[in-house]
Amino acid sequence: MSKKFSSKNSQRYVVVHRPHDDPSFYDTDASAHVLVPVSNPNKTSPEADLRKKDVSSTKPKGRRAHVGEAALYGINFDDSEYDYTQHLKPIGLDPENSIFIASKGNEQKVEKKNIEDLFIEPKYRRDEIEKDDALPVFQRGMAKPEYLLHQQDTTDEIRGFKPDMNPALREVLEALEDEAYVVNDDVVVEDISKKTQLQGDNYGEEEKEDDIFAQLLGSGEAKDEDEFEDEFDEWDIDNVENFEDENYVKEMAQFDNIENLEDLENIDYQADVRRFQKDNSILEKHNSDDEFSNAGLDSVNPSEEEDVLGELPSIQDKSKTGKKKRKSRQKKGAMSDVSGFSMSSSAIARTETMTVLDDQYDQIINGYENYEEELEEDEEQNYQPFDMSAERSDFESMLDDFLDNYELESGGRKLAKKDKEIERLKEAADEVSKGKLSQRRNRERQEKKKLEKVTNTLSSLKF
């Protein structure tokens, strides 16, 4: 008879997949699952019993005396099972193997700033409003109309077109944008007659000019028209002959006492140039008026001929060729086409040293001009027209061979040899295509064929 089943002596198994490291994993005849024995969860193993005995033997019999003292030294770990204070030592006993770590104080937490506070004035911030128990200026991320009123340059009451505005207020607003109403604090408008009495004869020309502009800025009508006309007299064209003799005698005498280059540094020749240009502009202004005749300007010519300054060169005609323009510039030297003055200040009287330098410069320039003229003359003399009879006998055949075998590509920038296959493809494409380029190529081919027929017939004739 078989023994009865006993759960105490039974063995429990579970069905699991066969592991990959099993030698029978790749065997097709073996099953994919295996039985693995497991222990009874209700039955304790002898190893577990031994482990419990070891733990129970290590537990202290009494309660620790230092539980809770670690927190006094800044140690926030649970010291119910381990005494962390045994590693602490009094300060000064072993300075080589111990260090002092101070406990952390109560740090103030930094409040997070709101992005809205970066764009709001201090008096409109949230914390200030809460102190004053005022309403917030922002609601749901948008500014209220009360806050936007403070950001406007001009209030809505006077902004835009206001036909019913007070005329006095309108004039004030227009004056704020008009430069004519702007008061210049730097310019003091004073009566010129009172100032001349105080300062006397030492009143400078520059100060007079400032007072003139100050009076103009002050505006208003003139007190006495006759006095105003006498004070600001315009240029008199009738006295132009003797004006330079009366006013510039001392300045003209400076040019007679020049002996070396150092004397030229003390002469303000630029003032003469500015005065010369100013006189010409005044004369041109009077010439443009119809009341002045051309006969009245004849008296100006002698003074211009005796002037130290040279005449302004006439602007060249645009119809000149490039070579003629280049020659004219070389003859002028460093002088410009418009002003006639050079970088070497040719308006100054030339000394002996400067004259020698000018002569040497002219000789060098003339040498270059003669060289260019000789080259042009040689080209004109040695020029011979093309003569086909003087060329070699096979020259024509060489040209024909070159034109038949080579062509220009890339828009005429590249010379390449003709390809018969490409020409054949082009002809086939031109026959099918209806574009303008294809039609033009077809016409050129037809004309070429006609020309070849004519040449063949002429070559076959015997004379």
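Using the three backbone atoms N, Cα and C, a Cβ is placed for every residue, glycine included.
Noted from Swiss-Prot: of Ser6, Ser24, Ser288, Ser438, the annotation phosphoserine belongs to Ser288. Looking up Ser39, Ser293, Ser397, Ser433 in Swiss-Prot for phosphoserine, the annotated residue turns out to be Ser293. Candidates Ser57, Ser303, Ser319 were compared with Swiss-Prot; the annotation phosphoserine appears at Ser303.
Looking up Ser7, Ser56, Ser299, Ser389 in Swiss-Prot for phosphoserine, the annotated residue turns out to be Ser299.
Confidence across the coiled coil (355-462), taken as the mean pLDDT and rounded to a whole number, stands at 83. In the compositional bias 'Polar residues' (454-463), the DSSP tally of helix, strand and coil residues is 7 helix, 0 strand, 3 coil.
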